[in-house]
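Colleague: Sequence annotations record features per position, and here TrEMBL assigns domain 'STAS' to 515-699. Look at TrEMBL and you will find 72-96, 102-119, 126-145, 165-192, 199-220, 240-264, 276-297, 333-353, 365-382, 402-422, 460-487 tagged as transmembrane segment.
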Amino acid sequence: MVTFRKQYVVSRPVYSDDSFDEDHKKIYRLHKTSLDHLKAYLTCDSKRAKNAVLSFLPIIGWMRIYRVREWLLGDVVSGISTGMVAIMQGLAFSLLASLPPSYGLFTAFFPMLTYFFLGTSRHISVGSFPVLSLMVGAVVTRLVPEVGQPANITGFDGLTQDQQRVLVASSVTFLMGIFQLAMGVLQVGFIVRYLSDTLVSGFTTAAAVHILVSQLKFVLGLTVPGINGPLALIYTLEKVFVQITSTNICDLVMSIVIMVVVFIVKELNDRYKARLPVPIPIEVIMTIIACGVSYGFNFETRYDVEVVGKMVSGYESPIAPNIEVFQESAVEAFPIAIVGFAVAFSVAKVYSIKHDYTIDGNQELIAFGVSNMFGASFKSFAASTALSRTAVQESSGGKTQIAGLISAMMAMIVTMALGFLLEPLPRSVLGALVIVNLKGMLMQFREIPYLLRKDILECVVWVGTCLGAILLGLDIGLAVGLGLELLTVVFRTQFPRCSVLVNISGTNLYKDRKDYLDIFEPNGVKIFRIPSPIFFANIEFFRDKLVEAVGFNPLRVLRKRNKALRKIKKLLRKQDGDISEKGMKDLFCMNVEDSDRPSDLNDPPIRVNWNAELPANISVPTVDLHSLILDFSAVSFLDISAMKGLRTALKEFVRVDVDVYIVSCDAYILEKLHSCLFFDEEILTSMFFPTLHDAVLHVLEKHQEDKGGTVIKDTKL
């Protein structure tokens, strides 16, 4: 395919940074102080007050543009569809939180009420999320184990085991909400950026494995106590396999049938989603069938099947969180808050891009913080979103959070009036529904070969996070993943891929010498590029790579030259015949009288033409380089330690008669160099050039003039 390219021609002088500033006046701006920023933040006027209200109550923004005729029907249909899924998931995910199933309906109702007013996403379905439920359940079973005494908490006095667990779950959720609200008020929504897609994928995959194992006891009809801490998953599997011969066949058969049917219908939903106006609510259908069959054949007494049992009818009065639970669970509540927000924000961002509207990370933190605190007061547990439920809400026609409000109303109807119909529902059915919904998260294992081929460090983060979360627990696993992720950042910046650049013949472009054939590399000129910030951890790596690129160590050359100078001084004093008068004229660039000056690294006594022929018993390393150009176009910052190391490295090259130039240096870095007194009689501002091509042309012209010729004709530039 022939590509037609336009030509451009630029005629201008060769600029250094100094000469550019002479020709083009720079505006020196006054940077605001911290006090100025504080005053601006605290200043209030009518416009800012209006923006603050609109920001805190996003509902005002989208309600003003709400198209009743176009959107209302879609929101109603979507709300009903999402509500049925939310009810089933609420019941199922409450088992992950080690709570009675009816409390999952609270999570499908209360958090949505506040998010409706405060949230910026118009499409996510707020409610229970399996990973959060499992993390809350870990705290619940630690403080209120199934076997043995609960933790020594005064608030447990006079409460049943279920009531103690509800108190723990609601208190952990309330503390989670406090953390989210505090982060939102402090404007630290950016913290979610430290959770990369790779880390989240590995973490949620590990959570899916934990969820799968936790549901085996329901699917098999076994009694397995909750286990926490490192290797809890291994110990749980051990207890399951020890009791495997006690499996309840009715539970197992029913679970397998439901998983197969739900899986097949979900696959059909995905395949024919373009033709289906609404996905088939197979979970709801199977739940209704299972309830009817269980009630009709009396599974609870005839086959010893554990059922949902007594459902809470109506809503209970709000409760205060327990401070002692706060103290016991603060370490777990913070990662729960981070994971809940990260998942919700990631899902919200996908749909905001698809439907072309913006979401505010800090406002989302506030919305989820208030939602979880409000819900926890009414005994719900941790709320976020679930991708499958949100997909139903969006694909079935939902345009705004009115769909979410309707889904919450459906949960309220079941809680207030229809909850008794779910009492004969076998818990194994809920376990089967949980497991079959793990398909998406478990299929993330397929990312390992892709990451292994494309980016080994990302693969290490994924595998390390997943294994850490599986073996050590979700909270410690998340910390392991963050540690690995930060290590990869350190590794990438501490050991960047430095390169030697060359000119692409006939252009003003410079590329890696290893990548092209038609290149021009001037003799005596080396162009070195470091694609990373330079700071205390990589300055020595930078200097080592620079020495490797130029082919000699300037400090070693300097020491050899000073040693040779001392020998030359002795020869001069002896008037050695090996040094003829002509040889002395070729050898010295300064008067011989200067040879009596002291010799050290900083101030060589005489200047010698080291390219001339030296006496037979004197040898120094040859330096074929006359100009070194450092490309700083990718250097975003320079700290004090790196500045000192850079200054030393530049002086070493200058003292072995190598001209050093720095190109494309960021203006902020230049300001910092000036303020830190980087420049002196050896390190000059004239070393800095605005572009790489300017520096190369300057070098070629300078050294061509030394030879008495012209530059452009001989260099292809």
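Backbone N, Cα and C define each Cβ position, glycine as well.
Any TrEMBL annotation is an automated prediction that lacks curation.
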Colleague: Between the stretches 126-145, 199-220, 240-264, 276-297, 365-382, which wins on the count of C-beta pairs under 8 angstroms to the transmembrane segment (165-192)?
Modeller: 365-382
Colleague: Hey, would you say the transmembrane segment (333-353) packs against the transmembrane segment (102-119), going by three or more CB pairs under 8 A that are 6+ residues apart?
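Modeller: No, these stretches are not in contact.
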Colleague: Hey, would you say the transmembrane segment (402-422) packs against the transmembrane segment (240-264), going by three or more CB pairs under 8 A that are 6+ residues apart?
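Modeller: Output no: the transmembrane segment (402-422) is apart from the transmembrane segment (240-264).
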Colleague: Three or more CB pairs closer than 8 Å, sequence separation of 6 or more: does that hold for the transmembrane segment (126-145) against the transmembrane segment (460-487)?
Modeller: yes
Colleague: Given the transmembrane segment (460-487), which of the listed stretches 102-119, 199-220, 240-264, 365-382 has the most Cβ pairs that are under 8 Å apart from it?
Modeller: 199-220
Colleague: Thinking of Cβ pairs under 8 Å, which stretch from 72-96, 102-119, 365-382 has the most of them with the transmembrane segment (199-220)?
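Modeller: Looking at each of 72-96, 102-119, 365-382 in turn, the most contacts to the transmembrane segment (199-220) are made by 72-96.
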Colleague: As a test: from 72-96, 102-119, 276-297, pick the stretch that has the greatest number of Cβ pairs under 8 Å with the transmembrane segment (365-382).
Modeller: 102-119
Colleague: Give the mean pLDDT for the domain 'STAS' (515-699) on the 0 to 100 scale.
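Modeller: Mean pLDDT for the domain 'STAS' (515-699): 81.
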Colleague: What residues elsewhere in the chain lie close to the transmembrane segment (276-297), defined as a C-beta under 8 angstroms and at least 6 residues from its ends?
Modeller: 77, 81, 84-85, 87-89, 254, 258, 261-262, 265-266, 268-269, 305, 307, 392, 395-397, 421-422, 424-426, 429, 433
